[in-house]
Amino acid sequence: MPQEQLDTLCYNIREGLHKWRDIFTWQLFKSLLMGQGLSALICGTAVTSQYLASVYYLNTPMLQSFINYTLLGITYTVALIFRRGDGNILQILKTKWWKYLLLGLTDVEANYAVVKAYQYTTLTSIQLLDCFIIPVLMILSWFFLKTRYRIIHYVAVCICLAGVGAMVGADILAGQDQGSSSDILLGDGLVLVSATLYAISNVCQEYTVKNLSRVEFLGMVGLFGSIISAIQLGILEHNEVSKIQWTWEIALILAGYALCMYGFYSFMPVVIKMSSATAVNLSLLTGDLFSLFCGLFLFRYTFSGLYIVSLVVILIGFIMFNTVPTLNRALSPAPDEEGCDNHAAEFDSDSTQGCVDEITCAQAEQDQIKSQVNERQSACVVINSVKM
């Protein structure tokens, strides 16, 4: 091979490796890893809930939610009490109590609606319709957070949804379409309502953690969520709770559920701050797959190769979505509060600067290629003149 062609090949390889390093960054790896950690926590809540329902015939979703919100209140609401200045709980309640009351109500009812849907419709319908949260999130983010998506983001979402379709197909082929079908229309409606409420809660969460504070969001959700779930628990589930025959197994499983849900609520704002609510919910699509993998050992599910295909397809879609950053124009920086763990100003500057850097890098690459071509042409002219 001539030396000139060898140099060109080596240059192309170096440029290709450089571009791959720009795509598969440490930030993308962290987002992927933490997103799958959240999926594992969701899997833990699903497995423990199913174990309580199938083995101990315990269906108390509001009791389980109340325990979770109480744990959030004990940690994050108490942390707000000891804050000073505008970050103190009294200052927050004076100005924004009604906003967090609506947010807490939205979050509680979203959890309750999806659990209630299992009594009326099938698991397949829930898995499919629960994906409704993705388009609702993108629409709400577009209007309220001014998030601007590109073609690759829509393609990535379609790929992730195709992976969910493969998972549902595997369930049908394996005969694992569990759940009731007593009132499919009501059950499907509850799933759609739950997905919409989750989307509203996630958009509010993204705005809060990127502009205010993760601790403020979790503290207020813990406060109002525990109050609302306690009232709803007393009205709807007081008979079921009074009939529970407490054993150490039931207490242990409830504790496992509470810890998984507490960890999910605590770490989800961290991942949303790194990426976005839409990206996090795309990564959570693998949660059902993890639950199915656990079901292979705990509930004797039938394995299907489509489960692996579905997992790979969803992960590919998630990686595609995160390779190109989105631009958020509505997230204006807020003054840092004492004890806050956000940097909204950094987020805004990074988002805008990312797009500027992308254009600048593209222009620089074109200029570099043109200069190299000119150098090679000049070298060829010199060589030819020497030969002559």
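Quick reminder: no glycine exception, Cβ is built from N, Cα and C everywhere.
Database features, via TrEMBL:
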| type | residues | note |
| --- | --- | --- |
| TRANSMEM | 31-54 | transmembrane segment |
| TRANSMEM | 66-85 | transmembrane segment |
| TRANSMEM | 126-145 | transmembrane segment |
| TRANSMEM | 152-172 | transmembrane segment |
| TRANSMEM | 184-203 | transmembrane segment |
| TRANSMEM | 215-236 | transmembrane segment |
| TRANSMEM | 248-267 | transmembrane segment |
| TRANSMEM | 279-299 | transmembrane segment |
| TRANSMEM | 305-324 | transmembrane segment |
| remark: If one takes Cβ-Cβ under 8 Å and requires six or more residues beyond its ends, the residues near the transmembrane segment (279-299) are 31-32, 35-36, 38-40, 42-43, 46-47, 50-51, 54, 127, 131, 133-134, 137, 156-157, 160, 163-164, 167, 171, 176, 202, 268, 271-272, 307, 310-311, 314-315, 317-318, 321-322
| note | With the cut-off at Cβ under 8 Å and a gap of six or more residues from its ends, the chain residues touching the transmembrane segment (66-85) are 91-92, 108, 215-216, 218-223, 225-226, 229-230, 233, 254, 257-258, 261-262, 265-266, 337-339
| Intrachain residues whose Cβ lies under 8 Å of the transmembrane segment (248-267), provided they are six or more past its termini | 34, 37-38, 41-42, 44-45, 48-49, 51-52, 56, 58, 63-64, 67-68, 71-72, 218, 221
| said: Quick test of the contact rule: Cβ under 8 Å, at least six residues beyond the ends. What residues does that give for the transmembrane segment (152-172)? | reply: 123-124, 127-128, 131, 134-135, 138, 278, 282, 285, 288-289, 292, 304-307, 309-314, 316-318, 320-321, 323-324, 326
| request: Take the transmembrane segment (31-54) and find every residue of the same chain, 6 or more past its ends, with a Cβ under 8 Å from one of its Cβ atoms. | output: 61, 64, 115, 250, 253-254, 256-257, 259-261, 263-264, 267-268, 270-271, 274-275, 279-280, 282-288, 290-291, 294-295, 298-299, 315, 318-319, 322
| remark: Contact set of the transmembrane segment (305-324) with the rest of its chain, CB cutoff 8 A exclusive, min separation 6+ beyond the ends, reads 23, 28, 31-32, 35, 150, 152-153, 155-164, 166-167, 169-170, 173, 275, 278-279, 282-283, 285-286, 289, 292-293
| Residues of the parent chain within Cβ reach of the transmembrane segment (215-236), under 8 Å, 6 or more residues beyond its termini | 62-63, 65-66, 68-77, 79-80, 87, 89, 92, 96, 100-101, 103-105, 107-108, 112, 205, 208-209, 265-266, 269, 337, 339-341
| By a Cβ-Cβ criterion of under 8 Å, what residues six or more beyond either terminus of the transmembrane segment (126-145) are in contact with it? | 114, 117-118, 157, 160-161, 164-165, 167-168, 171, 179, 187-188, 191-192, 194-196, 198-200, 202-203, 206-207, 276-278, 281-282, 285, 288, 328, 330-331
